[in-house]
Amino acid sequence: MDRKEVIRLEGLTKSYGGEDVLKSINLTVYQGQIVGYIGPNGAGKSTTVKMMLGLVEGYSGSISVFGTDIQDQDHLYKRRIGYVPENAEIYDSLTASEYLAFVAGLYGIDEEEALDKARKLMSQFDIDQVIYSRLSSFSKGMKQKVLIISSLLHNPDLLFLDEPLSGLDANSMLVVKEILSQLAAQGKTIFYSSHIMDIVEKISHRIVLISGGNVVADGTFEELREQNKQGSLEDIFNDLTGFHQHKQIASEFVAIVQGVSS
Amino acid sequence: MSDFMSLRFLDRFEKGFNKVGIEYPLLRHILKIKLTMDSRRIPTVYSQQKVDESKDKNHFLRSLWIYALYGLAVVPFLFFADQYFFQMSIIFGVLMFILMTSMISDFSAVLLDIRDRAIIGPKPINKRTLSAAKMIHVSIYMFFLTTATVAVPLVVSLFSMGIGFFLLFLLEVILLVMLILVLTACIYIFILRFFDGERLKNMINYIQILLTIGIFIGYQVVIRSFEFIAMEINFTPAWWQLLTPPVWFGALHEVILQGERSIFVIILAVMAILIPILMMILYVRLMPTFEHQLQKLSHTEVGVKKRQAKWKKTFVKWISPNKEERSVYYFARSMMKSEREFKLKVYPSLGFAIVVPFIFMFSMSQASSFDDLRDGNSYYFIYFSLLVIPTIFSMVKYSSGYKGSWIYEVASIQHRSSIYSGTLKAGLVTLFFPVFFIQCIVFLWLFSYQIFVDLLVVLMSSIIYSTASLKVLSNRAFPFSESFSLAQHKESGKVFGLILVIVAFYGLHSVSSLFPNGTYVYAVILFISMIVTWKMTFRK
């Protein structure tokens with residue numbers, strides 16, 4: 001089968017203050033894939049995504065998106081990308097409708113059309129009653145829903161989702177998971193990072209684990225399970241990142257809380 | 001969302017923007033959102049007062065009257081002799097000072113905002129458009145601020161000096177604003193080039209202090225360019241005048257309206273026109289670099305644990321025996337030392353407070369010789385340093401992390417008053433006293449130990465004054481519990497009133513000195529009232 005390349009990272013290296021955060025990452029993502037990009041805190045997951053969006057400069061190696069190196073194309077490639085940032089960064093003095101109209105405008109979509117679409121999407125998430133309220137009054141989950149909608153208004157071909165499910169309740173999570181797999185079935189590519197292992201395990205076509213600046217695992221969940229002889233993705237994650245002492249840490253922690261010297 | 005006048009005005013230049021590679025529709029779109037956000041007060045997390053949410057108001061625009069007041073101050077110079085050169089140099093000196101300081105303290109936050117990078121950056125927008133949006137956003141406010149400041153002088157000049165003078169004045173104001181905008185941005189570009197991370201954030205504050213001092217000294221230099229000889233004002237050329245923009249504008253006036261033809265003055269006049277335009281072009285070229293370097297602001301470095309000297313701990317224990325108050329003290333101190341926006345707004349005025357008393361002392365006192373000065377009573381000029389107190393306490397309730405203020409409600413604090421008293425002590429000890437004590441040392445050296453009691457009087461006044469300032473300005477809001485967002489401007493009226501209180505303190509002090517031992521009696525009275533005010537304000 002002829003698969004179209006959407007992302008290609010070659011020898012991607014990034015250092016902050018003399019320390020390599022990413023050490024020569026090679027990764028190719030094909031159209032229609034859902035890629036779960038996981039790794040411990042500070043492993044450089046968000047940095048990778050920001051680099052592909054041209055937000056972080058000063059790296060070595062090459063990044064190609066939609067078949068062309070991002071250094072060789074102008075900013076318009078971003079029109080085909082949707083992005084949900086990690087810390088729910090948002091202009092929260094705006095109302096939901098203002099924010100969504102604003103984002104749509106940045107993608108060159110007509111305001112009327114965007115608002116109509118936004119209203120429909122919000123009602124699917126059951127938050128259409130607050131469309132004219134300020135985002136500052138929204139709960140974390142509601143803000144996350146607005147961000148997800150804002151990343152999809154322009155019907156992008158590639159989605160970068162950084163912790164897309166944080167703050168969502170179990171039912172909404174179910175909806176978002178289903179949305180992602182249907183989008184992928186229609187040929188959209190989804191690249192997301194998350195710390196919730198059972199979700200990554202269930203929805204990803206492919207799991208990429210980075211640790212210490214290197215890709216330490218890459219494949220379907222079944223492949224990873226075979227290679228590592230572990231039951232769940234959580235176990236694989238602990239195993240590959242070399243983390244085994246959780247019980248010991250926990251008991252010491254509790255001892256400190258109670259003021260017992262160990 | 002209403003349509004903004006300023007945007008409709010910008011629409012006329014659509015073609016021009018498109019020509020230089022800026023996508024105008026996107027630019028307009030971003031500006032519209034920015035202006036909408038500015039017009040909203042971000043609601044506080046736990047506001048005790050009722051917030052009027054019904055209307056969007058731009059607090060910045062509502063505070064412009066204070067600048068009109070500043071503008072009035074330059075009007076007398078328009079009637080000062082028939083010397084355009086001198087008049088205009090002074091006027092531009094004052095204008096440049098007012099505009100540049102407000103640019104640095106109020107709009108640095110906009111220029112150095114990195115939130116845009118996270119939200120707008122991933123969208124398909126070229127960098128030039130985004131930086132232009134930022135620049136125009138600031139310019140729109142600069143326009144209002146400048147208009148408020150120069151409107152009265154301009155109108156007065158139209159009627160007293162005629163249309164030619166008026167038009168030239170107008171043109172020069174526009175050039176001056178361009179110069180200030182670009183100068184500020186260029187300074188930041190320059191620092192960002194060589195430094196990064198935490199260091200840079202601190203640097204910006206020091207640069208601000210230096211700039212403030214620099215502008216003030218520059219103002220002195222402008223005055224010194226002219227010699228007062230028996231009511232005749234003569235201009236003496238010197239090379240350093242090439243570095244003082246106000247003199248350029250004065251020269252431009254002289255050349256065009258008075259027909260001055262000496263080479264040096266013509267060079268100065270040409271600089272008035274050429275330099276702002278050249279810098280604008282330079283800036284447009286450097287804009288993408290600037291945006292790129294802003295990235296450094298978001299980097300965090302691993303902090304080093306700072307050890308605290310033992311005597312400091314003992315000192316804090318002594319001034320703040322209550323445990324609850326002490327933890328607020330430490331908290332407030334760390335916030336004042338690390339909160340970038342707080343520093344952006346407060347530190348320049350600290351630099352100011354250090355120099356102002358000395359500058360006024362040397363330029364305004366009538367003493368003809370140094371010995372005369374030492375025998376006089378110019379030490380009253382130290383009251384000028386109190387000006388920084390309202391600035392500190394009007395800012396103390398804001399924070400960029402204002403949402404963290406839930407901790408006040410959750411933590412079981414026994415006495416709410418200790419939150420305020422702890423903050424007050426922290427503000428005085430970390431910000432005001434260092435400035436004040438430096439001045440005391442210099443003043444003691446200048447005026448001998450005889451003024452010791454006077455300095456004590458000023459110290460006690462400053463404590464009473466701070467208590468009052470905090471009480472008046474806090475509006476019952478907890479420290480660091482509200483968002484910045486140009487909101488501080490709504491206090492300018494109160495701050496202005498508080499400045500008048502300094503005059504009252506000075507008045508009482510100087511009256512008391514007229515009586516034998518009057519200062520001592522006054523000191524005792526102040527001491528008692530200090531304790532009474534403190535106890536009353538921070539009642540448990």
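In case you wondered, yes, glycine gets a Cβ from its N, Cα and C as well.
Whatever TrEMBL says is automated annotation, not expert-curated.
For reference, TrEMBL has these:
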type: TRANSMEM; residues: B:64-84; note: transmembrane segment
type: TRANSMEM; residues: B:90-114; note: transmembrane segment
type: TRANSMEM; residues: B:135-159; note: transmembrane segment
type: TRANSMEM; residues: B:165-191; note: transmembrane segment
type: TRANSMEM; residues: B:203-222; note: transmembrane segment
type: TRANSMEM; residues: B:263-286; note: transmembrane segment
type: TRANSMEM; residues: B:346-367; note: transmembrane segment
type: TRANSMEM; residues: B:379-396; note: transmembrane segment
type: TRANSMEM; residues: B:426-446; note: transmembrane segment
type: TRANSMEM; residues: B:452-474; note: transmembrane segment
type: TRANSMEM; residues: B:495-514; note: transmembrane segment
type: TRANSMEM; residues: B:520-538; note: transmembrane segment
For this session: State the non-local partners of the transmembrane segment (B:426-446) in its own chain: residues 6+ outside its ends, Cβ under 8 Å from one of its Cβ atoms.
Result: 316, 319, 328-333, 336-337, 346, 350, 353-354, 357-358, 373-374, 379, 382, 385, 388-389, 392-393, 396, 452, 455, 458-459, 462-463, 466, 470
Problem set entry | Distal contacts, the transmembrane segment (B:379-396) - CB-CB under 8 A, six or more residues away | 332, 336, 342, 345-346, 349-350, 352-354, 356-358, 360-361, 364-365, 423-424, 427, 431-432, 435-436, 439-440, 443, 446-447, 451, 454-455, 458, 461-462, 465-466, 469-470, 473-474, 479-480, 488, 491, 494-495, 498-499, 502, 505-506, 509-510
Problem set entry | Touch test for the transmembrane segment (B:452-474) and the transmembrane segment (B:520-538), at least 3 Cβ pairs under 8 Å | yes
For this session: Any chance you could find the range in B:165-191, B:263-286, B:495-514 with the most Cβ pairs under 8 Å to the transmembrane segment (B:520-538)?
Result: B:495-514
